[in-house]
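Presented below is the structure to which this report refers.
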Amino acid sequence: MATSPLHEAHEKLGATFTDFGGWNMPLKYGNELDEHRAVRSAVGIFDLSHMGEIDVKGPDAAAFLDYALISNMSILKVGKAKYSMIVAEDGGILDDLITYKMADDHFMVVPNAANTATVWAAFEARKGDFDVELRNDSEAVALVAVQGPNALKVLEPLLSDDADTLAYYSGAWMTLHPAGGGSVEVFVARTGYTGEDGFELFCANADAQAVWDAVIGSGTPCGLASRDSLRLEASMPLYGHELTTNITPVEAGMGRAFAKKEADFVGKEVLTGREPTVVIAGLTSEQRRAAREGAEVFLPGAEDRIGVVTSGQPSPTLGYPVALAHIAPEHAEVGTAVEIDIRGRRYPFTIVETPFYSRKDA
């Protein structure tokens with residue numbers, strides 16, 4: 001099992017570890033609810049070094065990504081990022097990922113840890129005659145995320161440039177100056193998976209400890225358990241739950257990504273004009289029992305299920321159960337009353353607008 005370059009630092013902090021995508025990563029350091037609330041109210045620090053990094057460089061870099069991914073990467077400006085997906089020939093989602101445009105001929109693609117090998121294999125298979133160089137940097141690059149309303153305050157005194165000049169989904173190379181002296185080159189991106197303002201700092205493995213030490217004293221160390229509850233409140237999909245090879249971008253609400261795309265891409269013929277067989281819907285309940293992954297969804301009193309829960313738990317911020325589910329489109333209208341089978345008993349839920357939580361409304 002792979003380990004982060006920060007593994008020893010996590011051990012010293014008393015982390016509980018879990019296997020995530022083949023990586024031994026911190027699940028939590030103490031109470032995951034405290035970690036969750038720290039991100040919502042102040043700032044949390046995450047080690048995300050398990051995430052993949054694939055370097056795409058060359059004259060045809062943009063054209064290659066146009067073909068390999070569902071989104072139009074040719075229109076992306078330098079310094080900007082785009083959320084996208086890569087699909088199989090049949091349109092099934094292989095992964096959702098973020099692509100950063102580093103230069104006119106240079107992109108960094110960040111896939112999920114469990115899917116890095118799949119994305120890498122797909123890229124190599126799709127390279128064809130494109131004049132592009134692919135490099136898998138996943139085991140050489142570390143990633144530290146600083147997330148929460150105080151994230152900017154933590155980074156401002158450490159960086160050579162003003163991180164607040166970065167718009168959401170943009171990034172730039174900056175120099176980080178740890179309190180103990182020295183300097184570290186980091187790619188700072190205003191991205192995250194928590195629903196809060198925040199930044200993700202990419203650096204060489206050798207510099208990971210310096211970056212971690214520079215920020216950890218100003219925030220709460222957070223593990224993957226709180227990251228999951230935070231992303232669920234923000235209604236962000238998780239691969240292996242909301243997204244799988246059995247789901248297409250159309251079902252995932254990403255049809256707009258290629259609706260006006262003229263360039264050919266893998267899966268285009270299958271996806272064009274396709275109607276969704278399910279949609280990802282949000283559900284909440286006034287009672288206290290949370291629906292978990294795999295729980296079946298029904299119309300009140302009906303025998304035939306209309307969907308299945310993909311993620312669910314009590315919301316630490318909102319104080320009631322929230323869930324995401326694959327629901328038949330004809331039954332997914334906001335306001336629809338449903339029942340979810342939880343351990344043999346049905347409980348009332350309602351389909352609601354997502355996200356469940358938005359920092360703009362907090």
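Glycine is treated like the rest: Cβ placed from N, Cα and C.
Copied over from TrEMBL, here are the features:
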DOMAIN    6-261  domain 'GCVT N-terminal'
BINDING   Glu200  substrate binding site
DOMAIN    281-357  domain 'Aminomethyltransferase C-terminal'
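Under 8 Å, Cβ to Cβ, and six or more positions away along its own chain, Glu200 (substrate binding site) finds Leu48, Leu143, Val144, Ala145, Val146, Val188, Ala189, Thr191, Gly192. Averaged over the domain 'GCVT N-terminal' (6-261), the predicted model reaches a pLDDT of 98. Note on the domain 'Aminomethyltransferase C-terminal' (281-357): DSSP counts are 3 helix, 38 strand, 36 coil.
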